[in-house]
Structures are given as C-alpha cells and as structure tokens.
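**Student:** Dumping the structure here so I can ask a few things about it.
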C-alpha cells in the first residue's frame, strides 16, 4: 500500500487553513496513508506573500509564484484552493484546474455560492472531482451527510447554525446580558470576528453556505441570489432576555424549504425553543438539521471554523479523491438539478416575535393592537416593560401562527406612526 | 440518465425494515434515480414465509424460495440482507454473495460484530462493496461519518447512545419516576422493546455496534469479544433521581478509546452531565460522538431504529453502490487494521457513582467510608436518604477522580458484609 503512487497536491493559499492542512498531513501522515490507500503529499505551494512566517516549515515544498502553473503540471494530481473570494484568482484557478482535467478541492463558499453550478459542469465534463466539504460548517461532514448519507430521502427542510461568529456573539450576549456592540468588539479582539465583520454579522457568509446545502438537499439548482438575508446587527440584549423569558433562545438560522410553492431560502435571527437541539449549540459551534421523509430529523454538530476542523474537512475530501470515491459535486448531474422559482415567503404560516420601541404615552398599545387586528394577526402574548431603553418603552409581542405577509402588513400599517421611536424587529419562531 | 442500466436488487428478509426498503424505493423512485444516476430496482425477493401480509404489494417482484440462488443469478447486481442473526442463513448468504463477486448490503450488526473482518476480506478480494450503514445508529450516517467524514483524524474516543430501546426506557424512567420493570413492560406493549428484551437491555446490541464503530474510528481490528458489557437492568428509579440531583442524567453509553494502553471498549450505564449533548438525547433517538485530533468533537444524532430510518441507510448504501463510490468496508484493507490488545480498564481515571443499599443501623457508613479510604478512593459527595427502599437505606457516593481498579477494590472489601442488603451499583461519570 505504501508502495502505491502518492496523490500529489498543489496547495494554493497559506493562511490559517492552508497551514492547518500542512500540519494535519504531517501529523497524521501514517494514518492518512492507511486510510487513503496511498500517501497524500504536498508537492508545490503558492500564496501571495512568500516571506510571511506561517509557523510551519515550508522548506520541503516547492514554492510556485504563478499558481496558475499548477493547473497543467504533470506532477500535480489535485489542486487545493484556500485563498477565498467569490471571483478573482480563486475562480480563475478553479476553471483552469477543472478545465485541465484535474480534481479541485476548495473551502471557498463564496465562490461556490456564485459559481458552483458552472464549476460542477466543468468537473462533470472532465470526469474529475470538485470537492468542498470545508465550505460549509467547517469540520462537520454535512456535505457528505446530504450528498450521500441522506441521499435516499426527499428532504423538505434543511436548516442550521452556519456562522460561528454570529453564534459566538449571540450566545455571549445571552450569557452575559451585554450589548451587541460590546460583544462584537470583544470578539474582534479575540480573533473570533474579522476587523470588517459585515460578511459574518450581516448573514452573507451563512447565506453562501445555505444556498449550497439547499441545492444538495433538494436536488435544485444552486441559487444564492434568492436567499433572503438579515443579520444580527439589530438584535438587542432585551430581545434575548425577552426570548429567554418566553422559553426561546435567539440564533441566526439559515433555513431552506422546498415545496410546490417553490424554494424558500432565508438567513434570519430566529427564536429557537429551548427543547430544540439548535438551542444547545453554543459559542462558535455550527449545526445542521435535515428533515427527510424516511430518515426523520438528522442533526449534525461540530466546530464550524478554525484551522484544525477546516483542515479536517479538506483532507477528508483529499482522501475521497485518493480512494477514487467521488462523483457529481451536487449529487447528480447539473442538468438533472431542478430549477425552482423563489417561494413567496409571505405565505409561510408561523408564529413571530415582534419588538416595538414606543413612546411612553397613552394609546400606543391600542394603536399597535389595532394595526395587528386589521392586518389579521392575533396576539399570543404581549409583554410591556417599564422604560428600560434609552429611546422608549419596549413592547414585545408573540403572535399566534399567521401568514408572514400579515406581520409585514402590520408593520406597514404602523409605518410613519409617531408612537414608534425605532424600527420594529421581527424574528420568526422555529416551531 | 434514466437510460442507464438499472441497479438490480435481490432483497432477502421482509420484516419491517425490508418492507421499509420497498416502500422507500417506490415512494422516492424519481429522486433516487436522479441521485443514483440510474434506477434502483428490486428484481427478486425472498423471506421465510411467503404467505404473510406485509402491507406492501410484493406482486411485482419475483419470489425466490431459495435465497442462496440470488448470489449467482446474472440478473441480480446486489444482494440486500435484512434477516439478521450473527450466524446461520445470513452469514451463509453473505459469504456466497461476496464469494460470487457481488456487492452485499446489510443491516446486520450481530453478523458484522462477529464476522465483519472475514466478510470484509471477501469483499476486498472480489473488489466489491460490503456496505452496512444501517447496522449502527439506524438512519444516522455515522459509518460514513467515521469512514470518510472524519477520515483525516486520529480519533481518540468514539462513544454514544447506540440502543434506542434502552434510551427510551431510561428517559421514560427519568420523566416519570417509574421503575425499570414497569417501563419495560410498557415499552413491550408499545412495541419499543422485544418480547425477549435481553439483547437490548443487557447491552449486547449496543456492544455489537460499538465494536464496529471502534474499528472504523481507530483503524483497529474489529474485536467484539473484548467489549465489556453491562446493561440497564439494575438501574433503579432512585439512581436516576439521585443522578439528577447531582446534575447528571443516566444513559447507556457505548464507549471506545484507543491509546498506548490498548483498546478500551465498554457498554455501561453512565452519568452524563446535563451540559453534555448526550444528555439531551431523549426517547428512541441515537447519537454518536467522535473526538478527532483536528476536527475536535463531532456529534451526530437521529433516529436509531424504525423501518423508515433504517431503510434510509440501506438505500443510501445502494446509492453509493449505484454511483460506484465505495471502497474498503473498514476504511482500509483488512491487513492494514492494527491489532490492539485489550486495555486494562482498571487504570482508567475518572469519577464514579456508587450506590449502596444498606441496613439502617449505626456503623454502616463508617464501614463504607473505611473501605473506600483503604482502597484509596476519596469521596466527592455522599447522600444518604431515609429508608425509602424496601430492602434498606440508600447511600449514594460520587468519588473524586480515581483509578477504576480502586473502586472495584472498594467493592471487594465490602463483599460479604452483612451491612449491605443488595449488590452495589457502579456507574462511571462521563467527564
């Protein structure tokens, strides 16, 4: 077996994940050779800056300035891309590698969300692997879980906690009672959040991942453009406290559903009941739930980011390539994926949490209650607290199950009202 | 794609799972064809009793009285075995099918636990698939999760809740405060437990599954004979109540660890801290945790039994076969699996829960405390309740971390003591 020809890698991108892949291949070398059936060897590496100290010894690898050369070199069997970015060099490289008939392994969710189908088409044409386990939920084998493990099922819904930064912020707010801004600054100091955190906290990163999961789960064309995205910037400490009082925890949930009404995809802070497994997903963990018509509810949890877990997923992909166990990147030929129209989210029926910040004067509650009545939304519970917020009094409402369009209609009716001192916050409830 | 030649099955065993496989293949036929790249068709079926009504229409399939004929028929591509039993017809069939160079899919954990390596050797020799996702944790793709998803990791420990019947009984005892015997009878009436429940409640079924997981996780030879097994018969309602008071829940945990000391494998009721994900696994659910050196802690949860979930796993295996995505059954050639000696469990360090039932008279507590001191076990907490049990007073002790051999030594020192009115119960604590 150790006499088998090695799988020879070109590794592009030497950030934390790239360094992690090198460390992992070295640390677990003997075991990986046994499991892969042959050695997996890094032959050539490439990154922007050759001089940077990355804490791993790179001297045994050939440094390549022009990463594009890896696509066509005869001594490279697979290219691993860890530079990121939806377009630009990563995409050029992916197209060149697959176009040259070489397998391509990537952790690049943004690129897949935007160009996944096209790249899958190239891989299919060449009959080579396009693998991306590390692109979603870090080390959790959820791409494999959907593509293969749950493949016998019609999946009606796939959802989860797909961004560790947001989950860290929300669960820290929950634990400490501190404000979003405070916790974000700490997360940035600790390296859990980027200097420019918008990709994470505005939900874009989770939406990239969700669009990939939806395609795999439903056999539909990947469609990132149709994901509705709300981040966590407007979640205030009081929302989390009120949710807790009502038996819920606030989580940024990416959720996709497929039905006769079309494809529903949304990233949105939600209220998760405390008896739901997602409510126990704390800190930087990720988790994914899939509801299948035969398997029931499958739940996967693990580390959603970090160099070790992400490297674990990248190398799992490489082992699949070394074993020659791979097939269509999105579980079926691109031409077999269904094109689903975007579902009308307004028709979804469910309970919602609505928080108003209002002036502390008579008649305000009547105004809100009237607007809800006129919009056809009935109130399950209502909490009004004393003037604890700087800018007014909080009124928190949990609605009975009603069409989401009616909740939107309520807000439209109250739009421009002088009673409201801030924008209302709507979070749907995971039932 | 629908023009591709179908994957033609011979299906042996038409109990609830066999019926589930037929229903699943019919219900999700179009989707499965898209995902598998070709139709998966049942051609011939065989079971003990042809006349039994199974609630599915079998008239479109050829009935075969001699299941062994399926092994060599040219119009059968794969045989699916769902009759069960470690030896006997299932094993004869497996050997014949693999020996004839045909892929074999099974849900038979008992057969794999006893004969898995031999069968894997036959599959390897013939270059065909031996797939068994349904053998462990029902619909949860944990075989795939370990064989492929976590393949890049050195796994130090794999453990989980592997028997839904036991988990149903323990969590019902927890919720209702009722006795083991009462709850077992109800479970039998409801069909959650067999008329002869010993395979489940004595831990044998969980041990079969654990031995399979351990081989996959560690790259060691499957070794069922070395699993230490204790079931849940001796867990009393008071154990569950005392554990709860101390912040734990009682679960039957199968745990395997690999280290320089050897291979440790044990099925045993354990105290699981309420903040550990296994403590939230209720009812008939199953869950598996794997600790990898790069990925960290992976957690898989789902339905561990039932016709739908089990059929989901069987058909996932068939899709892998149809896609030609398979390899060595135990993740590497049988000759590469390491032979590990059995670890000395006595050297394991951890906290333990020990419950004594004692006479209500002076000096008993001193006798126990002295035995523990002499055995080198120090006491973290001790609860003595009034005479609530028929046969004496309960003394419940949680030890500080100590070698398990010292806890055993404590019991040896107290063996034969007239102060004890029943056998002590030891449960280790999952820390």
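Here, residue 1 is simply the first one shown, and the rest follow in order.
Using N, Cα and C of the backbone, Cβ positions are placed for all residues, glycine too.
Annotations for this protein, taken from TrEMBL, read as follows:
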type	residues	note
BINDING	A:12, A:13, A:14, A:15, A:16, A:17, A:18, A:19	NADP(+) binding site
BINDING	A:109	NADPH binding site
BINDING	A:194	L-homoserine binding site
ACT_SITE	A:209	active site, proton donor
DOMAIN	A:353-431	domain 'ACT'
**Student:** Which of the recorded positions A:12, A:13, A:14, A:16, A:209 has its Cα nearest to the Cα of residue A:194 (L-homoserine binding site)?
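**Tutor:** Going through A:12, A:13, A:14, A:16, A:209 one by one, the Cα closest to that of residue A:194 (L-homoserine binding site) is A:16.
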**Student:** Can you tell me the CA-to-CA distance separating residue A:17 (NADP(+) binding site) and the residue listed as 'active site, proton donor', as a whole number of Å?
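**Tutor:** So the alpha carbons of residue A:17 (NADP(+) binding site) and the residue listed as 'active site, proton donor' sit roughly 18 Å from each other.
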**Student:** Work out the three-state DSSP category of residue A:19 (NADP(+) binding site).
**Tutor:** helix
**Student:** Taking every residue in the domain 'ACT' (A:353-431), what is their average pLDDT?
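**Tutor:** That region's mean pLDDT is 92.
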**Student:** Could you say whether, by DSSP, residue A:12 (NADP(+) binding site) belongs to a helix, a strand or a coil region?
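**Tutor:** In the DSSP reduction, residue A:12 (NADP(+) binding site) maps to strand.
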**Student:** For residue A:19 (NADP(+) binding site), what is the tally of other C-beta atoms lying within 10 angstroms of its C-beta?
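**Tutor:** Other Cβ atoms found within 10 Å: 18.
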**Student:** Look up the residue listed as 'L-homoserine binding site' in the DSSP assignment and reduce it to helix, strand or coil.
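**Tutor:** Where the residue listed as 'L-homoserine binding site' sits, the three-state DSSP reduction gives coil.
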**Student:** Round to the nearest Å and give the CA-to-CA distance linking residue A:14 (NADP(+) binding site) with residue A:209 (active site, proton donor).
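**Tutor:** Rounded to a whole number, the Cα-Cα distance is 22 Å.
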**Student:** Can you give me the Cα-Cα distance between residue A:18 (NADP(+) binding site) and residue A:109 (NADPH binding site) in Å, rounded to a whole number?
**Tutor:** 16
**Student:** Cβ distance under 8 Å to residue A:16 (NADP(+) binding site), same chain, sequence separation 6 or more: which residues?
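**Tutor:** The answer is A:306, A:307.
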**Student:** Using DSSP, what's the helix, strand and coil tally for the domain 'ACT' (A:353-431)?
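**Tutor:** Here the numbers are 23 helix, 29 strand, 27 coil.
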**Student:** Which recorded positions (A:13, A:15, A:19, A:209) fall within 10 Å of the residue listed as 'NADPH binding site' by Cα distance?
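**Tutor:** Hits: A:209.
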**Student:** List the other residues in this chain whose Cβ sits within 8 Å of the Cβ centroid of the NADP(+) site residues A:12, A:13, A:14, A:15, A:16, A:17, A:18, A:19, in sequence order.
**Tutor:** A:11, A:20, A:21, A:47, A:54, A:82, A:83
**Student:** Could you check the binding-site residues A:13, A:15, A:18 and say which one's CB has the fewest neighbouring CB atoms inside 10 Å?
**Tutor:** A:15
**Student:** Would you mind reading off the Cα separation of residue A:15 (NADP(+) binding site) from residue A:209 (active site, proton donor), to the nearest angstrom?
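**Tutor:** Here the two Cα atoms lie 20 Å apart.
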**Student:** Near the Cβ of residue A:14 (NADP(+) binding site), how many other Cβ atoms are there if near means within 10 Å?
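**Tutor:** By my count, 24.
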**Student:** To the nearest whole angstrom, state the Cα distance for the pair residue A:19 (NADP(+) binding site) and residue A:209 (active site, proton donor).
**Tutor:** 23
**Student:** Enter the number of other CB atoms within 10 angstroms of the CB of residue A:12 (NADP(+) binding site).
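**Tutor:** For residue A:12 (NADP(+) binding site), the 10 Å Cβ neighbour count is 25.
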